[in-house]
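TrEMBL lists A:13-265 with the feature domain 'Glycoside hydrolase family 65 N-terminal'. Per TrEMBL, the feature domain 'Glycoside hydrolase family 65 central catalytic' maps to A:322-689. For A:Trp357, A:Asp358, A:Lys601, A:Gln602, the entry in TrEMBL reads substrate binding site. Under the heading active site, proton donor, TrEMBL lists A:Glu488. For A:698-759, the entry in TrEMBL reads domain 'Glycoside hydrolase family 65 C-terminal'.
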2 protein chains.
Amino acid sequence: MKNYIKHDEWNIIEEGFNPALNKVSESIFSIGNGRMGQRANFEERYGGESLQGSYVAGVYYPDKTRVGWWKNGYPEYFAKVLNAPSWIGIDVFVDGEPLDLHRLEILRFRRQLCMRDGYLSRSFTARFEDGREVAVEATRFCSLVDDECGALSYRISARNFEGRFVVIPYLDGGVRNMDSNYDETFWEYVAASTAPNRSVLTMRTKKTDFWVTTGMHYELLADEGRIQCSEQDVRRDDYIGKSVTFDLAAGQSIAVRKYAVVLSSENHPKADMEARASAMLDRVVAKGFDRMMVEQSEAWGQKWEESDIRIRGDIAAQQAIRFNIFQLHQTYSGEDERLNIGPKGFTGEKYGGATYWDTEAYCLPFYLATAPPAVAKNLLLYRYRHLPKAIENARKLGFDGGAALFPMVTMNGEECHNEWEITFEEIHRNGAIAFAIYNYVRYTGDDEYLADYGLEVLIGIARFWAQRVNWSEYRQRYVILGVTGPNEYENNVNNNWYTNTMAVWCLTYALEALTAVRHAWPAKYEAVITRTAFDERHETGTWETIVEKMYYPVDGERGIFLQQDGFLDKELVPAESLPAEQRPLNQHWSWDRILRSCYIKQADVLQGIYLLEDRFDLETIRRNVDFYEPLTVHESSLSPCVHAILAAKLGDEERAYQFYLRTARLDLDDYNNDTEDGLHITSMAGTWMSIVEGFAGMRVRDGRLHFSPMLPVKWQSYEFSIRFRGTVLTVKVSRSGVLLAHSGSDPLTVFVFGHPYRVPREASVELAGGQRI
Amino acid sequence: MKNYIKHDEWNIIEEGFNPALNKVSESIFSIGNGRMGQRANFEERYGGESLQGSYVAGVYYPDKTRVGWWKNGYPEYFAKVLNAPSWIGIDVFVDGEPLDLHRLEILRFRRQLCMRDGYLSRSFTARFEDGREVAVEATRFCSLVDDECGALSYRISARNFEGRFVVIPYLDGGVRNMDSNYDETFWEYVAASTAPNRSVLTMRTKKTDFWVTTGMHYELLADEGRIQCSEQDVRRDDYIGKSVTFDLAAGQSIAVRKYAVVLSSENHPKADMEARASAMLDRVVAKGFDRMMVEQSEAWGQKWEESDIRIRGDIAAQQAIRFNIFQLHQTYSGEDERLNIGPKGFTGEKYGGATYWDTEAYCLPFYLATAPPAVAKNLLLYRYRHLPKAIENARKLGFDGGAALFPMVTMNGEECHNEWEITFEEIHRNGAIAFAIYNYVRYTGDDEYLADYGLEVLIGIARFWAQRVNWSEYRQRYVILGVTGPNEYENNVNNNWYTNTMAVWCLTYALEALTAVRHAWPAKYEAVITRTAFDERHETGTWETIVEKMYYPVDGERGIFLQQDGFLDKELVPAESLPAEQRPLNQHWSWDRILRSCYIKQADVLQGIYLLEDRFDLETIRRNVDFYEPLTVHESSLSPCVHAILAAKLGDEERAYQFYLRTARLDLDDYNNDTEDGLHITSMAGTWMSIVEGFAGMRVRDGRLHFSPMLPVKWQSYEFSIRFRGTVLTVKVSRSGVLLAHSGSDPLTVFVFGHPYRVPREASVELAGGQRI
């Protein structure tokens, strides 16, 4: 755990430069707009440790899979988000020497991410060996308004000398992925063009043939008067730019404005990309940097208006939740149903930038509550579009008759992960994808989604489960053998309670959805039945039998659900007794030792209890939490939020707060020592859930919002807004009570601690029964 | 399954050339002498499908591991047997055109492995497009007598034309392994030298710096008179040879004799290798090809004298068992304790040529019974020398206090396999290594081996098991979680019966060995105790408790041992109901489907029953065989022999015979469609066991030999020799009875069907109780 980020309500601030933390900061200070993302690499070259990262949404590469021992059914490739030609680069030479903070003495350094207005700034003063001092002030952003554009301002000053400066704003197509399996390059040159102040470079990916055109246009602004400059084209290999030479007197400075556009062939005809890039450059250059900054600030203002959480009395917590919300918005805007949310967003290469079950399990609730319904719907449609590939995927694994297994990791619907214990066995992901449909319909009330899209997916998933179970003669029950549950510190176990429970939940929900759609939209129902060749009597009969006769492992004595068969054979030693130097376990123990231990990577039984909590009484929940929590090591970023929510539900404010902090500042404080690889974007949604579903206890039941708020002792108040069925509701929880306000024209009925309140446009809700908050 | 090898008692014969079978034949017709091995590649170039393979014992390469997802504790490299510079190559050009069977019309082709005399011959006639016909007769062998030498005779005839021939006997250091993980070359050039008729090439392996010097010396022999030749040196890159040009008239022929030596720096000082190669060449050239052939025949005669099995009435069975014995002798001579037996011997690259538990579980009995005791002892010493590395290996996995885990796959004692479910979890190998000590002592009576070497290994292994078990509060028993048993179609299971049983057997045997050594060799005992820092009271106490309180899964209702916890949850459908096109399962099913199925790759519970059979009554054995055999798919070559032996024990001659055939002709008939990768050398010892322990029912109990012979209905008789405690005993089983003869001076007491017989030098033993054979 590190602690070098300054606490501030709206800003992420790094003061002073520590090269050892540079890659961590490069992740933390990342910027993005849902279409593109950029790690906080320096504009000028840096000879020290750095992970260069510039990403374009939807552009991936099917890197040849690296496998030790091949298994039937493994995919041939692992799709990877691509490190794309970067738009930020400016090479700087001072009297012929490169400006490189790795070589210079750094007198002053500050990096700041302004979350309110959505930009990154950096300033430093550096000294050459002979005493010449150069200062730089750089600001940049990925525009929310012009979402294929980025812009930066790079002001450079000669502090105490007169010298010759060469700045080369450039585009470089010769980029690589650090995680290339066979050290291949993924890009090939297509074309480049040049015009005064402007360079345009088109590269294509090998195999997938995505084209990306990156264009730049630079301007120089002197502080006062004119400075004589000469421009020269620079070109070597896939590096293209403009070399600009000028002299600065002591104290004089000049600003380079670099406008950039990044176009992908996913959104533009290849033949037009170069022309469109130029036209787009014309447009933003005409608009100008300052105007773009203003628009950026307004667009972010709008996002904050709808999704900010304001915490009083705890700056660290305030900063953290805003950072999480900020990064989520930077990653996914929900406007394009082809896109999704990689676990690292656009902040690193790890996990290939592909889609995991994280999206459904953790991110969906955030977007449901903080964005227009179309955004969440697009996340669902993404899977709907992949249904044929999910059916094909299941077929490769021996299933038939339209059974669908959605991939563990994917870019385009095809599976691209290759660990048998995950790829083939972590099948609970199918449950999360079904549950997301339920969650969406429950939250939005958009029942018709089922008829149009949802039911078809549910049928595919239900068919999978119906084939994946088998009848145990011995138990006279259906069992599910050989799975990996959410707790990936167990592999190939039998009857994972969570998986069995979710399988039956899926079958039940599919049966309900069939009935609901049949009644409400008979024509659409018939169309689905025909499309899926659904055998109503036989298939529903089978599903009902499985629902009725599923086996679930339990420990009757303790009154808990058992994570899997045989769990009680383990030595049950609380995680707190583990020596600190052995944590995290996955960096210190061999895999077999982890597997046979009792330690739980992330919520597993508790994940099931979280999702289906209304089935369980508080005492059951408490017994399970009391049993599993001490064994949980939270070595997945997705774990603490579920524990936070359950702790809050059980009224354990202290633990809820601890888990909240752990999830909220995971990256800012680099808890797991891996932030340098990129931010834990998907778990950031879990942080939001920890507050809204945890502290505020928000639930939707029967189309109504429910809250059971608590207030961490350290906080004076917290306040958040959510969208719910056409209105924006603001909830403020303080010691003195709960304040509800909403934007709708009609009064809204909201339940607080189980009591219904009719909320006019703004109202302070008295707590029934005198609950203390 | 293929059926193209002609049935013959002493020869393996291929008539006609089928390019599609060439790689299979290259494996089957391999030659070797324990120091070197050579696949049956052609001497001349061949443009078709071929797996070039020339191997030098003990020379390996630590190829950089290829892993999809790294786990703590994985080794950095996978040691591979190296494809070494080949000594057989002769490039042939006829009037400037290469002689290449891939391009020519083949009029006649025959490949023959003469097992009695130990050589490979090949002859063919081939026609160029214009009608010129060339005939070749080639013979070669790896000398048993001069075990760093090979020799070949290559006679070439111009059948129907007069033409100019160029032959280039050469050495080529530019060889590669097909299975190189990153397409690296493993060899680097060191030096080459040349002299009339002679070339010498020294190459070194990267990383391991093994040097191999290959030398050749050629002679030309005309049929009659002299033929004018001119010799020229040829050299390009690492290819070195002699180009010899001559003219042949129609009907004329010439023979190239190529003598080769292969020296490894494992056996020679690097500085002397080149000189020694030349001296050795001088020696064998002086001896001459014909003399070498005679010596080869005599040496093989000696081997057959001691280890032949003669079957009357079944040529296919006779050929098969001889082929198995022949290949085992070609692979391992037992003279060098640094060497061991790779699953493919010197016949292919697969499995890296490294040592697996196969050696102890399958090969040791063969060498115990067919070779001087020093040979089996060397196999044991190999592991003894590796004990420190086994302790280090265990330490990497979290064990301490001298606990030893021998590697799953190794060249030098270090683990070099990287599948967690195998590397970390297939720990039953430790049991096989302990059992081999027991087996050796039981067979040879060499109790002192325990004092000198065995006990130390047993202590390391027992310590491992004592730490690897854990106490289950729930069961009030010790359990072993997260293992892979011999049946590798299950991974990460709990309480594999075989593993639990062998663990307790190891602890028990270690306790017995402690007692035995303490009494018989108190000084050696003290030395071991000191060396191992053994805590007598505490450690033996712990071991005794575990022995007493181990848990074993059973099915009380069926009266069988359960392969592992949860096995009865599976759908138990006999393997015979599997569609043929889905076999072998591992080529058609995804791994999860295999894992959750009931199908058993190779004997698991039955392996335990085989090893410890005296613990179980016949009915128990029968119940377990009846339960597990129908579920066993024998997709490991190591499986059928155990089933054959148990079937024989149960008196089921028909099944015993079927399993025998399956193991015996596995490679000759290419049962598993993988012979092209190399022969299944280690399972060949299982074939031998199927006859000697299966049909003949040989056992050693209390220092005495026991037999319970049966005779397959198709056979008239079978006869084999075994070494036992200083004598060679010959056993002949026919319808009329059992004939025993031995070489010892004193009468030998042998039990047949439980009745003791005193056998003088030669005796026909009457069967007691009138058992029918």
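Backbone N, Cα and C define each Cβ position, glycine as well.
Curation does not apply to TrEMBL; its annotations are automatic.
Here the structure is a predicted model, which means the values were calculated and not measured.
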Taking just the CA atoms, what is the gap between A:Trp357 (substrate binding site) and A:Glu488 (active site, proton donor) in Å?
13
Would you mind sorting out which of A:Asp358, A:Lys601, A:Gln602 (the binding-site residues) have a C-alpha within 10 A of the one on A:Glu488 (active site, proton donor)?
A:Lys601, A:Gln602
Across the domain 'Glycoside hydrolase family 65 C-terminal' (A:698-759), DSSP yields 0 helix, 39 strand, 23 coil
Going by C-beta under 8 A and a gap of 6 or more residues, the same-chain neighbours of A:Gln602 (substrate binding site) are A:Pro486, A:Asn487, A:Glu488, A:Thr632, A:His634, A:Glu635, A:Ser636, A:Leu638, A:Ser639, A:Val642
Name them in sequence order: residues not among A:Trp357, A:Asp358, A:Lys601, A:Gln602 whose Cβ is within 8 Å of the mean position of the Cβ atoms defining the substrate site.
A:Tyr356, A:Ala361, A:Pro486, A:Glu488, A:Ser636, A:Leu638, A:Ser639
Based on the record's binding annotation for substrate (A:Trp357, A:Asp358, A:Lys601, A:Gln602), what whole-number value in Å is the widest Cα to Cα distance?
16
Could you tell me which three-state DSSP class A:Trp357 (substrate binding site) falls into?
coil
If you average the pLDDT over the domain 'Glycoside hydrolase family 65 C-terminal' (A:698-759), what number do you get?
92
Taking the Cβ of each of the recorded positions and counting other Cβ atoms inside 10 Å, which one has the highest number: A:Asp358, A:Glu488?
A:Asp358
Reading the DSSP string in three states, the entry for A:Lys601 (substrate binding site) is coil
